[in-house]
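To start, the structure under review is shown below, and the notes come after it.
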Amino acid sequence: MKKTVLSGVQATGSLHLGNYLGAIKNWVKMQEEYNCFFFLADLHAITVDIKPSELNNSIMEVLAVYLAAGLNPDKVTIFAQSMVKEHTELAWLLNCVTPLGWLKRMTQFKDKAGSDQEKACLGLFSYPVLMAADILIYKADIVPVGEDQKQHLELTRDIAGVINRKFNKEILKVPEVLISETGTRIMSLRDGLKKMSKSDISDFSRINLKDDNDLIHQKIKKAKTDHLSFVSYDQETRPEISNLLDIYSSLSEESLEQIIGNYQNQGFAKFKEDLAEIIITNLQPIRDKYLELMNDKEYLLKILHKGAEKARIRASETVNEVKEQFGFVI
């Protein structure tokens, strides 16, 4: 029997190169080997202020990128989180056994809430519990995530343990965390210490998957490096050039040593020019397919409804199992 893999991307804003290299590119490889559930995290998206029209468009955009990048809806289950009501039902049950102190230790809440945490919504605070429900409801064996989500996955494992100990029975599977070595943490093109993000004010901090070729060339040309005139890799002392090397390696599948050797006696200009071309070679087919899919909303909706119907079968089984243990009438 194939192991179950689950992962998702938040449906806010345009997806970028970091989303592709950190998640979607790896998912495409995994779909042949695993029973995969890939969702659009639209419930998580409303933990921050977002316009209804923007949310609706983002859901379609993320789905179109999933498909354009190579996810096959005949091989994997693709769905919007909000279309499977069991996610929120299980999240409530998990909320009722999760100690408040565990959530207070979550660093992402502090980062996203900013300086005035009293004004942050409860949904943002309990975000990790909904994330735990997203994972545990499908009894996922493996959850591929970026390094920044590792703390949330540890919480998920802890919550599963609480439920299993409470009822002295292995009801929820404790998932394994999968963090791949390359591409999981692509940094900003303007600051090598910050993760590439949809929320960054500067559009030149990221390569959006729908950027045209000229804009990609401009962004890479203006990408921050440092005062040294040679290519080398050191994340601590040279974070910006190291980030560009990570991108190059992830897309070309050449080792860092090979790439550095190729540009040993050349400056940044040639390296950046070649990097831009490699990015374009990888992203142009995705962008072309994405634009085609965005013109067929009826097809996209069909994929979402089909995926949600399939996901609900698995999700409802888990929720009923947990509810029965709590003592609810099923």
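A Cβ is built for glycine as well, from the same backbone N, Cα and C atoms used for every other residue.
Swiss-Prot tags one of the stretches 11-19, 47-55, 182-190 as motif ''HIGH' region', and that stretch is 11-19. Among the ranges 195-199, 250-254, 270-274, 295-299, the stretch that Swiss-Prot annotates as motif ''KMSKS' region' is 195-199.
Residue counts for the motif ''HIGH' region' (11-19) by DSSP state, with H, G and I taken as helix and E and B as strand, are 3 helix, 1 strand, 5 coil. Mean model confidence for the motif ''KMSKS' region' (195-199) is a pLDDT of 89.
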